[in-house]
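Visitor: Feature list, courtesy of TrEMBL:
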ACT_SITE  E197  active site, proton donor/acceptor
BINDING   C149  substrate binding site
BINDING   H167, H169, H254  Zn(2+) binding site
COMPBIAS  1-11  compositional bias 'Polar residues'
DOMAIN    71-281  domain 'Class II aldolase/adducin N-terminal'
REGION    1-20  region 'Disordered'
Amino acid sequence: MPSGPGSTTGAPNAPSIGPARPDIDIIIITTTTMAPTCSCTTATATATNNDNNTNNNDHLVQSDDPNHPANLIPSLCAKFWTLGWVTGTGGGASIRNDDLVYIAPSGVQKELMKPSDMYVLSLEAQNGLADRRQRVYLRSPPGGRPSQCTPLFLAAFTRRGAGCCIHTHSQWAVLVTLLLEAEGPGKDREFRINNIEQIKGFGRGPGKTGNLGYHDTLVIPVIENTAHEEDLTEYLEEAMEKYPDTYAVLVRRHGVYVWGENVHKAKTQCESLDYLFQLAVEMKRLNLPWVTEIEEVKPRGP
């Protein structure tokens, strides 16, 4: 049985937002879309101050602790690359540490990332920005490009109180969305599976106690892809509202976003989902249904 992620607290119980930091320089960046490919890898940015400024807050990404977000994101992405989740600079990850959010950059080979490649922003500093394409960064790597996944990561942090959000381009996730698409309208908006042991890797929902059981049905919503990654944000937020217990959203012909209260729980759920996606593809090939009615086996008495 997989180790369960436990319950994830909702936004009202999220870690407290720290005070403003007057000793940290602020970098305002507006992203602009370039090409109709996966925008995780094509975002560009213009900063109001020079990236080579004398104080780029590099101390935010310098630590000897392997569990520091600036060290952990490159380590995780290197592992994800071996799984085919972040091929060709696609996909990414973000970790929240109280008010600070660490984000993998765009256009960087994910298996070769370094802590110095990380972007860092303050959640509090994003309040009041009218344009979701404009973001205030505390730390921006020289010559780097911020990921257009950023507003989707922020949605997981602000709307779900998540501590980590992972975005993969898993082939199994993409194949599941295509299999659902082939089912036709009305049957292509949800991935459902039950009576599989790995389902126990998921919590019952933010603020709820315990994990899903073997006989429970896991439901993951599916949204349509857009030409530019940032434009997915409102659709992801709508899916969060419609499916308040979900920890993931599939993006058709693209991949999946998965979040959790912390890194361990997000990673556990992402791995469990990829297992279930691969299993579902093989089940479909064998004409086996994803949702079944089977009799519960009762424990024998003493």
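Backbone N, Cα and C atoms are what each Cβ position is placed from, and that goes for glycine too.
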Visitor: About how far apart, in whole Å, are the alpha carbons (Cα) of C149 (substrate binding site) and H167 (Zn(2+) binding site)?
Guide: 8
Visitor: For H167, H254, listed as binding-site residues, tell me which one has the smallest number of other Cβ atoms within 10 Å.
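Guide: Across H167, H254, these binding-site residues, the one with fewest Cβ atoms within 10 Å is H254.
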Visitor: At a 10 Å cut-off from the C-beta of H169 (Zn(2+) binding site), count the other C-beta atoms across all protein chains.
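Guide: H169 (Zn(2+) binding site): 23 neighbouring Cβ atoms within 10 Å.
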Visitor: In the structure shown, with every protein chain counted, which of the recorded positions C149, E197 has the densest set of Cβ atoms within 10 angstroms of its Cβ?
Guide: C149
